[in-house]
């Protein structure tokens, strides 16, 4: 490898919106994510309601879809 052309590979903290913190290595100092393996519905087995109610209502209104 050539010297001084590659970014530094450092300890990194990945922080999830649920509060889970993961330490890993990356060229990025701090990473913030919205969903991790501790809160993702696939891994937890729980259904998590994402803020889509407004989008669904707007879609139905736009295309005149009745329930």
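Cβ coordinates are placed from backbone N, Cα and C, and glycine is handled just like the others.
Other Cβ atoms within 10 Å of the Cβ of residue 39 (Zn(2+) binding site) number 17 in total over all chains. Marked as Zn(2+) binding site by Swiss-Prot: 16, 18, 36, 39.
The DSSP secondary structure for residue 16 (Zn(2+) binding site) is strand.
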